[in-house]
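Step one of this worksheet: look at the structure below.
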Amino acid sequence: MARGGRLGLALGLLLALVLALRAKPTVRKERVVRPDSELGERPPEDNQSFQYDHEAFLGKEDSKTFDQLSPDESKERLGKIVDRIDSDGDGLVTTEELKLWIKRVQKRYIYDNVAKVWKDYDRDKDEKISWEEYKQATYGYYLGNPAEFHDSSDHHTFKKMLPRDERRFKASDLDGDLTATREEFTAFLHPEEFEHMKEIVVLETLEDIDKNGDGFVDQDEYIADMFSHEDNGPEPDWVLSEREQFNDFRDLNKDGKLDKDEIRHWILPQDYDHAQAEARHLVYESDKNKDEMLTKEEILDNWNMFVGSQATNYGEDLTKNHDEL
């Protein structure tokens with residue numbers, strides 16, 4: 001492979017790593033939370049749905065660890081987790097108890113993710129990450145060797161991402177010292193989890209989808225973000241449904257395009273609680289006697305759904321010792 005080819009491959013891998021470490025909005029299913037109307041409507045054998053539940057109950061990063069366990073081992077360890085979820089020890093898991101557990105799992109995943117990458121950026125080991133440290137760790141080679149990027153497609157990507165990262169870093173830096181504490185760096189990597197970062201999430205989403213640069217998202221841009229029309233055939237039914245969603249529910253003022261407020265309403269709905277929705281879904285699917293609470297037996301009878309949900313951090317909690325949970 002020629003030197004230029006190797007460089008392009010290396011830069012591509014570097015960029016993929018940079019983007020993987022960040023929490024910016026990307027594809028369709030990362031932008032849109034699942035509406036309540038979908039809960040309880042999917043068939044039990046839907047493996048994709050099970051994966052969603054597993055990620056909710058266990059944690060996305062570690063769901064693959066569930067594959068290490070036999071069904072009997074999974075049920076045994078899941079039973080121990082159920083005892084932790086049942087905070088009042090009455091033998092019944094309520095939707096509220098399940099919701100609080102899922103929120104705990106979500107929060108732990110986020111902070112574990114930050115801990116994994118912290119040392120890569122905290123070069124001077126002072127328990128803070130300055131903007132300069134982050135910039136050098138992420139873009140140092142690009143900044144030091146601009147000529148190598150001049151004619152590559154990566155040049156435009158890095159040139160765009162650097163100021164965007166700086167803008168997000170400054171938004172997360174509440175005291176304005178251009179140095180991030182762990183909490184501030186968590187807000188930088190996971191802005192969707194912090195109220196003061198919501199405007200950045202909206203702005204970055206707009207920039208990602210608004211291809212003609214007019215400051216709005218029209219219907220074609222909205223569809224292009226989730227569907228690549230590579231041939232001249234008819235659009236799938238789900239795309240036609242999304243066009244209807246755009247017209248009926250996304251475009252609130254009916255001007256044919258989405259402004260920032262409409263984008264915010266779309267990707268960050270104020271009346272939607274993900275953990276509450278997932279907890280309701282798990283109860284709905286497992287509550288055999290329809291008393292709106294779950295016994296340990298009901299959960300273990302539907303173990304395959306739970307070990308694939310955020311409540312067990314996608315299986316990670318099943319491989320941990322009891323004291324770690």
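Note: Cβ is positioned from N, Cα and C throughout, glycine not excepted.
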Legend entry - motif 'Prevents secretion from ER' per Swiss-Prot - which of 2-5, 182-185, 322-325: 322-325
Legend entry - Candidate from Glu96, Glu97 that Swiss-Prot assigns to the same Ca(2+) 1 site as Asp86, Asp88, Asp90: Glu97
Inset, instruction - Given that Swiss-Prot annotates Asp210, Asn212, Asp214 as binding Ca(2+) 4, state which candidate in Glu204, Glu221 belongs to that site as well. - result: Glu221
Inset, instruction - Please name the residue among the recorded positions Ser74, Asn212, Asn253 whose C-beta has the most neighbouring C-beta atoms within 10 angstroms. - result: Ser74
Inset, instruction - Measure from the Cα of Asn212 (Ca(2+) 4 binding site) to the Cα of every one of the binding-site residues Asp251, Asp255, Lys257, then give the nearest. - result: Lys257
Inset, instruction - List, in sequence order, the residues of the same chain other than Asp251, Asn253, Asp255, Lys257, Glu262 whose Cβ lies within 8 Å of the centroid of the Cβ atoms of the recorded Ca(2+) 5 site. - result: Phe216, Arg250, Leu252, Lys254, Gly256, Leu258, Asp259
Inset, instruction - List the other residues in this chain whose Cβ sits within 8 Å of the Cβ centroid of the Ca(2+) 4 site residues Asp210, Asn212, Asp214, Glu221, in sequence order. - result: Ile209, Lys211, Gly213, Gly215, Phe216, Val217, Asp218
Inset, instruction - Between the Cα atoms of Ser74 (phosphoserine) and Glu262 (Ca(2+) 5 binding site), find the distance and write it as a whole number of Å. - result: 43
Inset, instruction - List only the single closest residue to Glu221 (Ca(2+) 4 binding site), chosen from the binding-site residues Asp251, Asn253, Lys257, Glu262 by CA-CA distance. - result: Lys257
Inset, instruction - Check the Cα-Cα distances from Asp214 (Ca(2+) 4 binding site) to the binding-site residues Asp251, Asn253, Asp255, Lys257, Glu262 and tell me which is shortest. - result: Lys257
